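Input: a single structure, listed below in structure tokens.
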Amino acid sequence: MALRSVEARGRRLVGQPLLLTVSVFLSIGVFLFGYDQGVMSGIITGPHFIKYFDRPGPIQVGSMVAVLEVGAFATSLAAGRVGDIIGRKGTLFIGALVFTIGGAIQTFTTGFPVMVLGRIISGAGVGLLSTIVPIYQSEISPPNHRGALAAAEFSGNVFGYSVSVWTDYFCSFIDSDYSWRIPLLVQCAIGALLAVGSLVMPESPRWLIDTDKDDEGLRVIADLHGGDLDNPVARAEYREIKDKVILERESGEGRSYGMMWRKYKQRVLLAMSSQAFAQLNGINVISYYAPKVFEEAGWLGRQAILMSGVNSIVYLLSTLPPWYLIDRWGRRPILLSGAVIMAIALFATGYFMYLDRPETPNAVVTCVIIFNAAFGYSWGPIPWLYPPEIMPLTVRAKGVSLSTATNWAFNFLVGEITPYLQEVITWKLYIMHAFFCCCSFILVYFLYPETKGVTLEEMDAVFGEAGSGKSPITLNAISERSAFLPSNSQYPPSHSRDQNDSLPTPNPHGWLGRLFRRNSSRNISEYQALDADEDVTLSRLDAGRARSIEDEDDEDIGGYEVVNNGGSLR
């Protein structure tokens, strides 16, 4: 779906500038938890940190690092309901605010218990951000750019990690407690910036339409397509989203976790497994404890942090190729190739540590850099993209909250036990994670369908659900259910062409009152049938989109062939 940029009316951003601006702000959200994950790796090896906390043992260090995931796990489970009630941008604001408060507590900590408290509170903010940012990004992105924008978002995460490592390195030259307090303070400023920016961002159009704020949803869609309310592509997208909402309401199945598990068990398990193996594949052994890994290999003191900084730059650069490849190769080839390279690199890391020869330090650095590069282009971005794009709108926030909670649960497990395992089983730790890389290859090869180029509303067909009692989603489906709609309804909301600019824009402060009450008025908004010319135009747009997917792929999508039948899949 091509985006068309036009001149902004007044000072309002529209088209690609709007989409890119929102994506940059969302990248700040993932920058935050990338920074928070990496900042501890450098300061826990600093002499002033070790002295201040009275030479903490491996269990204490593991607790300070991994307790962030306790807060993240709890709020990522709650984020599904919060995101449905107050919207995506409201959840983003609260997450940034909570994270900033936690960062301030860490910065001015007076001891181990206060540090743990600050990490838990920051984790609570991270849980909200890590759940809602991928949802928000997927719901505003066009299908043929969705993967690239998600990959760019993950680059923001790794950029945050890299900035934290280099901040640790330069602050290590400070001969006082500021050597570890300043890196912790930096995250507070970034969190405050995200909180302020979230107030002026548009709300997700899919959430607006799902909660019967059709005028506001249509305005956001129009803005993303250039600002013209009469843009046929924008109106077609609006119809497709609303059509899907109506179908799901007709089913009367509700939106509970139980319903989601019964009807979409395969999707939920795939979403959860992608996040679980992203952690089991060993990335946080490096992200959290890279200096310790390099010290174990023979690099000592500040040199270990410097090697971590070099590794982080390569890691960041490795996240750039998916910007181009993820919407061309697809998700499966990237995950499969990444798993193979990571397994080889981890086997080699363990092998060189086992040999313990003079060349071991350099060999381990090389293997770790290769591993990080492979993860950065494969299992880094895709597990954050895959869950929100395979889950349907009605339970997207809940499904992604479960997958994100899985991420933080396994994140905590790896972060907590890694210092202990580094002392007990030493080089065998890397062989263990290499084995999990092999398992992830098998899982993807046999179970993961391809989702490249498929719209969110057409994802049912990828999982073979479009024909289960319901017709495939097409832009013409509404005409087949005209009896269901009121005879005087409007579909899409029709406004005089002289009054386009009067269509209300989303209220940036309207979410607060919905925090403590559910929106129970899920009635079907008023529609009117489109005239014949407009209906034909939209049908051609839909068919053209299906043809464009065929032209790009020229192959099956996860075992389901794209056919030119008005946008459906089979």
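Going from the start of the chain as shown, residues are counted 1 onward.
Each residue, glycine too, has its Cβ placed from N, Cα and C.
What TrEMBL lists as domain 'Major facilitator superfamily (MFS) profile' is 22-452.
What TrEMBL records for 488-512 (among others) is region 'Disordered'.
Annotated region 'Disordered' per TrEMBL: 547-570 (among others), in sequence order.
Counting only same-chain residues 6+ beyond the ends of the transmembrane segment (12-35), those with a CB under 8 A from a CB of the stretch are 3-6, 72, 92, 95-96, 99, 125-126, 129-130, 132-133, 136-137, 140-141, 149, 152-161, 163-164, 186-187, 190-191, 193-194, 197-198, 201-202, 223-227, 384. Taken from TrEMBL, the feature transmembrane segment applies to 12-35 (among others).
Taken from TrEMBL, the feature transmembrane segment applies to 59-79 (among others).
As annotated by TrEMBL, transmembrane segment applies to 91-108 (among others).
Only residues 6 or more beyond the boundaries of the transmembrane segment (178-200), in the same chain, are considered here, and those with a CB under 8 A from a CB of the stretch are 25, 28-29, 31-32, 35-36, 39, 42-43, 46, 48-49, 52, 89, 92-93, 96-97, 99-100, 103-104, 106-108, 122, 125, 160, 163-164, 167-168, 171-172, 508-509. The annotation transmembrane segment is assigned in TrEMBL to 178-200 (among others).
Listed as Cβ neighbours of the transmembrane segment (268-290) (distance under 8 Å, sequence separation of 6 or more from its ends, same chain) are residues 37-38, 40-41, 65-66, 161, 165, 260-261, 304, 307-308, 311-312, 339, 342, 346, 368, 371-372, 375, 379-380, 382-383, 386-387, 390-391, 399-400, 402-404, 406-407, 410-411, 413-415, 418-419, 422, 429-430, 433-434, 436-437, 439-440, 443, 447-448. Look at TrEMBL and you will find 268-290 (among others) tagged as transmembrane segment.
The transmembrane segment annotation in TrEMBL covers 305-326 (among others).
If you look up TrEMBL, you'll see 333-354 (among others) marked as transmembrane segment.
Only residues 6 or more beyond the boundaries of the transmembrane segment (360-379), in the same chain, are considered here, and those with a CB under 8 A from a CB of the stretch are 154, 158, 277-278, 281-283, 286, 290, 293-294, 297-299, 307, 310-312, 314-319, 321-322, 325, 334-335, 337-339, 341-342, 345-346, 348-349, 352-353, 440. Under the heading transmembrane segment, TrEMBL lists 360-379 (among others).
The annotation transmembrane segment is assigned in TrEMBL to 400-421 (among others). Among residues of the same chain six or more beyond the transmembrane segment (400-421), those with a C-beta under 8 A of the stretch's C-beta atoms are 58-59, 61-63, 65-70, 72-73, 76-81, 83, 123, 126-127, 130-131, 134-135, 268, 271-272, 274-276, 278-280, 282, 284-285, 288-289, 292, 383, 387-388, 391, 429.
What TrEMBL lists as transmembrane segment is 427-448 (among others).
Tertiary neighbourhood of the transmembrane segment (333-354): same-chain residues 281-282, 296-297, 322, 325-326, 360, 363-364, 367-368, 370-371, 374-375, 377-379, 382, 426-431, 433-435, 437-438, 440-441, 444-445, 448, selected by CB-CB distance under 8 Å and a gap of 6+ residues from either end.
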